[in-house]
Amino acid sequence: MTSTFPPGFRWGVATSAFQIEGATRSDGRGPSIWDTFATVPGAVAGGDTGEPAADHYHHWPRDLDLLTGLGVDSYRFSVSWPRIQPSGRGRVERRGIDFYRRVVEALRARGIEPFLTLYHWDLPQALEDEGGWRARDTAERFAEYAALVHDELGDVVDRWTTLNEPYPCAIAGYGEGRHAPGAREGHGALAAAHHLLLGHGLATRAMRARARPGHRFGIVLNQSPAVPVSPSAADIAAAARQDTLLRRQFTDPLFGGRYAPGLIAMFDGVSDFSFRRDGDLETIGQPLDYLGVNYYYRLHVADAPYREPDPARRTAADIGLDTTRLPDVPRTGMGWPVEPDGLTDALVGLRDEYPGLPPMYVTENGCVYPDLADERGMVADDQRIAFLREHVEAARAAVAAGVDLRGYFCWSLLDNFEWAHGYKHRFGLVHVDYATQRRTPRASYHWYRDHIAAHRTP
Ligand code: GBH
């Protein structure tokens, strides 16, 4: 096995607060939009909620033992905004801050670097009640929250990620209604996307103003390269619309100094884009130290009629295409096509398209396969090992192609609350029995441990 990853390449795992912590009412935590959404009948499979999740809030020392056992040098996790500010503004809950300080100090004591994400989808419900991400004010509130967490933990955390995946927040959350807060809007979802980016920019600016040497600031985007299902002009145009909505809506303002061309035309009659103000582009596009890429699958795009012919009633998710025509390749337990070279394409494509792009990390990559019913099957996840092996290889191919890739984080350490799918789908390297909170490392955990040991660089 030749080690072709650059010196200092990071090997880690990722989690997020709402998905693992549980304890949704402990120590003064306020409700988030996901607590509310999960109570809507039919919103989450099985009626599952943020309880108990992996009850990481109480079991975190054991979970850190699992990190040590894996041998990771880095751990990506998120801070729950409603633990820090139960109503999204004003009063700070000390017990929330203290929890994350304990975790971060324990990580450092174990020689594991914390990669902290400020927002992984758990908006305080009180802010949603005032418009949520549709409202410009939420971007300002996010910057305040970011600055206060940075003031509190800046002595023990160097890696600061503002947002995890603004695309699903805006489009699945405010456009398709599949994620919290469950809205199906056109203008509102596009406003949410803009205000998430604005919040990212304002937060980055606020934290940079107080940064210590060694602090690094970045954002995490989900990337699903959009490929047309045929060489027809209509399918090519449909794939371009998909790419504009999912990728360029975010990467052009962040790294290209402009709003994505074509976005306004795509939503003619849906939104007037009046949420854009002078100066926003400069705020959004200030320099970053890294870009995190979450990769799971490619999108295969065919032209299709709009579901809603009247633009005035169209949602931001209805852009006249069909992504259900998959190629004949294996699928994961989510039904997602397994295409490791899509990861290479995503990384190389970003590098080629945006001169001056900061270094990248793969900040999430992983899969679910149905667990077999018996005890052995619970942990014998050979398909996950194959998936991870192939995707790590695809990351290496991007490095070989000259991409400045600095690390790879597997999603996820633990089985957890998989959003609208509830607890049914298990992404963990470690199996969690939710009834007993027993943790059982899977075969993939042992594979990743051995992989890291073989590829650790100085
Ligand atoms: C990541 O999103 C998230 O950051 C992470 O929290 C999550 O656990 C992980 O993926 C695994 O899903 O299921 O048809 O409603 C990846 C991008 C965007 C993929 C939303 C799923 C919903 C499609 N995700 N999308 S559907």
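We count from 1, first residue shown onward.
Positions of Cβ are set from backbone N, Cα and C atoms, glycine also.
Keep in mind that TrEMBL annotations are predicted by a computer and have not been checked by a curator.
E165 (active site, proton donor) counts 23 other C-beta atoms within 10 Å of its own C-beta, drawing on all protein chains shown. Annotated active site, proton donor per TrEMBL: E165, in sequence order.
Here TrEMBL flags E364 as active site, nucleophile. E364 (active site, nucleophile) carries a strand DSSP state (E or B).
Per TrEMBL, the feature substrate binding site maps to Q19, H120, N164, Y296, W411, E418, W419. For Y296 (substrate binding site), the number of other Cβ atoms no farther than 10 Å from its own Cβ, over all displayed protein chains, is 21.
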Task: Find, among the recorded positions listed as E364, E418, the one whose Cβ has the highest number of other Cβ atoms within 10 Å in the structure shown.
output: E364
- request: Round to a whole number and give the Cα-to-Cα distance in Å for the pair Y296 (substrate binding site) and E165 (active site, proton donor).
  value: 13
Task: Mind computing the max CA-CA distance among Q19, H120, N164, Y296, W411, E418, W419, which the record assigns to substrate binding, rounded to whole Å?
output: 18
Field: Cβ contacts of N164 (substrate binding site) (under 8 Å, same chain, 6 or more positions away)
entry: S16, S78, T117, Y119, H120, W121, V220, N294
Query: Hey, for the substrate site built from Q19, H120, N164, Y296, W411, E418, W419, who else sits with CB inside 8 A of the CB center?
result: S16, W121, E364, S412, N416, F427
